[in-house]
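One structure is given below, encoded as structure tokens.
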Amino acid sequence: MGCCSSASSAAQSSKREWKPLEDRSCTDIPWLLLFILFCVGMGFICGFSIATGAAARLVSGYDSYGNICGQKNTKLEAIPNSGMDHTQRKYVFFLDPCNLDLINRKIKSVALCVAACPRQELKTLSDVQKFAEMNGSALCSYNLKPSEYTTSSKSSVLCPKLPVPASAPIPFFHRCAPVNISCYAKFAEALITFVSDNSVLHRLISGVMTSKEIILGLCLLSLVLSMILMVIIRYISRVLVWILTILVILGSLGGTGVLWWLYAKQRRSPKETITPEQLQIAEDNLRALLIYAISATVFTVILFLIMLVMRKRVALTIALFHVAGKVFIHLPLLVFQPFWTFFALVLFWVYWIMTLLFLGTTGSPVQNEQGFVEFKISGPLQYMWWYHVVGLIWISEFILACQQMTVAGAVVTYYFTRDKRNLPFTPILASVNRLIRYHLGTVAKGSFIITLVKIPRMILMYIHSQLKGKENACARCVLKSCICCLWCLEKCLNYLNQNAYTATAINSTNFCTSAKDAFVILVENALRVATINTVGDFMLFLGKVLIVCSTGLAGIMLLNYQQDYTVWVLPLIIVCLFAFLVAHCFLSIYEMVVDVLFLCFAIDTKYNDGSPGREFYMDKVLMEFVENSRKAMKEAGKGGVADARELKPMASGASSA
């Protein structure tokens, strides 16, 4: 961070010559060493939790007396029922599995090790006794013999709560989990406080479970639509903007019309032949349709107004999308970049969650107030989970930054290679190779800066959620203002980081120098940055809207005409959220390519003028884009002096070409 403050002035930066793809040197090596040291610390946390027996307790499970299921145990001092041989008892069974303590994040129930989970509901103690005699799996406390289940006065305390729900072992974790969704509905009821009528929540969860095949099918549809849109962007980029504009207009009008038609149809449908429960579900769906129809109408009006304002600038995006489409034709592996990033993130998140679960079961056995055993860490080691949380943010940002650097390196290679026939066989793999050999330290530093901003924002958000309803209006306003400012700062730093990675890929400079150079270029081209990013991002947003609307419309039609009377509000929300996330993952790569191309173009026009020895790297299509943007911006603004001044470097470059 110190090198940023000691950086030279913008004027000195402009004098330094850029040498694209010529010199390669390792950048920000101290930050790479720091990141490696941090990852070693993350590995130590995982190793410590495994070495202290947390892995065995997590996977095999343990009872309320500290015994690990499925193995012999040692006696714990002053703990009754500890040190038992549970070799034949491999599953954890909770006497009251639906009693969840949200504050301490655990089930408030006695846990026992049993030989088998009850696969069928047991309604009486006689059924529990018969299950124990037939399967050899005692579901009551160790102090009570199966023959005493129906005769002992302590059975109501030492035996499971009746009726015992049917359960099945969780794969790999040896816990008996209820198979009936009503138990999970109680979990959700405790988590969601805004639902005053618990029956509503039961119907929502039932709707999700009933429509799970449709939900999976629609999620797959959104993935297919996103990939199709990426292919369309590659091959028909010239007409893509107009196609998207027309489809979004038709889709918005059609979706709004269908919602009002369905609302009118369901309102007129006869309700005398259905049961009261089905009538309640039908009324919920009718209310949801009305909300959807009104929201769609408002959204359509706002969308039309925005498109009306920006209609004169669509031509700029057509040319820019065409250049980006040529990049995807030469670099087809860019389309699959979100898959590798998502795969790497999933692998890390699985590791992180597993280690977090290890931390939850590590430590020394301690007897609680009820006389049962809990495992707790004492001393400085109890704060390891803070280090683990920082690791989640930093390493996740590091993986995303690696994607940005990889894409930037590949696009920079494409742009600054004059003869495209001399491109590497796989520019993406060549970019990955340069990243690993030279620029991991730069990526580590950039991702750490984002982490420094993200952590305070998350802490403030946590404080705000804990103080909800308790703080005064002034404190609430200050908290929200700080959260908003940190969010804006994070977005600005993300954009600057992405351009810094591009500058590093071009000139192989360290992070601070690259960030400063990129910032100077962006400030010098502020008006063009605003124009291109606004129009380009809006067009990509229309692509996301198209995918979400198409998936949502298909979901409405399928869920509306299924035979079961279920509430499909929650399934539709899940599907639309997934469709938006998928579309965002794919189209964000396209947005990244456009941003990298623009920075390369701005650098090209700044340091080259088309004269011998200083020829432009850009192709003719991009030069046409310069002319079109200059004309469009002159027409858009009445004050032509400012626009002409802003476009002066590009205009001279165009004429010399």
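These residue numbers are counts, starting from 1, taken along the chain as shown.
Note that Cβ sites are derived from N, Cα and C of the backbone, with glycine treated the same way.
Curation plays no part in TrEMBL annotations; they are all automatic predictions.
Cross-referencing 472-493, 538-559 with TrEMBL places the feature transmembrane segment at 538-559.
Of the ranges 214-233, 239-263, 289-308, 342-363, 538-559, the one with the most Cβ pairs under 8 Å to the transmembrane segment (29-51) is 342-363. Most Cβ pairs under 8 A with the transmembrane segment (214-233) among the ranges 239-263, 289-308, 342-363, 538-559 are made by 538-559. In summary, the transmembrane segment (289-308) lies against the transmembrane segment (239-263): three or more C-beta pairs, each 6 or more positions apart in sequence, are under 8 Å.
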